[in-house]
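Below are the structure tokens for one structure; questions will follow.
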Amino acid sequence: PRSDCIAAEQLCLLDSTCNTTYRTLENCALAKARVLPLDHDSRVRCLNAELDLGNSSLLHCKCQRRMKRQEHCLRVFWTVHSSVTDGYFNLETSPYENPANEVHWKTDYNKLAALVSGEDWSQLAGDATNPCLKATHVCNLNKKCVRLRTDYASICTKGAGSEDACDRRKCHRGLRNFFEKVPEDFTKRILFCPCQDELCGERRRKTIVPDCSFQYNTKPNCLWLLDSCLEDHICKSRLADFQQNCQPADMSPDGCSQHNHAACLQAYMGMIGTPMTPNYVSNSSVEVSLWCTCESSGNQKEKCDQILGMFESNKCL
């Protein structure tokens, strides 16, 4: 039976055979994290260890997006699935439980999808000319929403306009806290508010304080951005979740191979506050992108374009 990876790890460590196999996989994952080249025998040993888990609950365990000790859970998942990352960046398997199965995530995803197209806003926004401003006011009525929004805003604006650069890592953590701990009814309204003018669009684009969380002084190469992401368990997990839920499909009515556009939007929200944080590219459109370029990618230009294309030309998203 599928369990969360922390519980599965505890069970495994009580069994001598599973314990030995798991320790081997930990060494394999550690070597990959340090980008140490594994010789042929070591690679075989790592693959065999993964196969030896057989039907162990470790092999089928998952994590929940809002669980405590999430980073520990994700570390266990990637220890057991370290061979998945042998491909360039096609992670394929999300470590997260299907949202529909999560006890802590009771959200109507179709309602979220409708919200993005503006269908669900009439009741809340009334005749407000700036729905993003209205969304902020709604957030201010909720203690947790206003506290965590104020937290990340103050962290992400420190150093702005001065010689000191902002602390991007702390800013990202503050953003993740906001999007993970505040009920989605508030966060999705702030992030996906439907705009008709540039003043509203600017407020929406600045939701995540892009000067700190999104933009560097110069655009880095997208391959560098990806490498930074794959070194971080949370970012790698959110990217795998995004790839699974935002896979485009031409024949699908909503452009998504999973036929669940709302789950893709939720996976998109999960990318905010990671090294691969996306954002709106202008005040006048809903197009999103990463802050990176594919110039000077050499013979990896195609791979680089794929990374950008996941956001810039993704029909599902």
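Just so you know, glycine gets a Cβ as well, placed from its N, Cα and C.
Feature table excerpt (TrEMBL):
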type	residues	note
DOMAIN	5-85	domain 'GDNF/GAS1'
DOMAIN	132-212	domain 'GDNF/GAS1'
DOMAIN	222-316	domain 'GDNF/GAS1'
Quick one: DSSP breakdown of the domain 'GDNF/GAS1' (222-316) into helix, strand and coil?
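Going by DSSP assignments, the domain 'GDNF/GAS1' (222-316) contains 48 helix, 9 strand, 38 coil.
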Give the residue counts of the domain 'GDNF/GAS1' (5-85) per reduced DSSP state, in the order helix, strand, coil.
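Secondary-structure composition of the domain 'GDNF/GAS1' (5-85): 55 helix, 2 strand, 24 coil.
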Give the residue counts of the domain 'GDNF/GAS1' (132-212) per reduced DSSP state, in the order helix, strand, coil.
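The breakdown for the domain 'GDNF/GAS1' (132-212) reads 60 helix, 0 strand, 21 coil.
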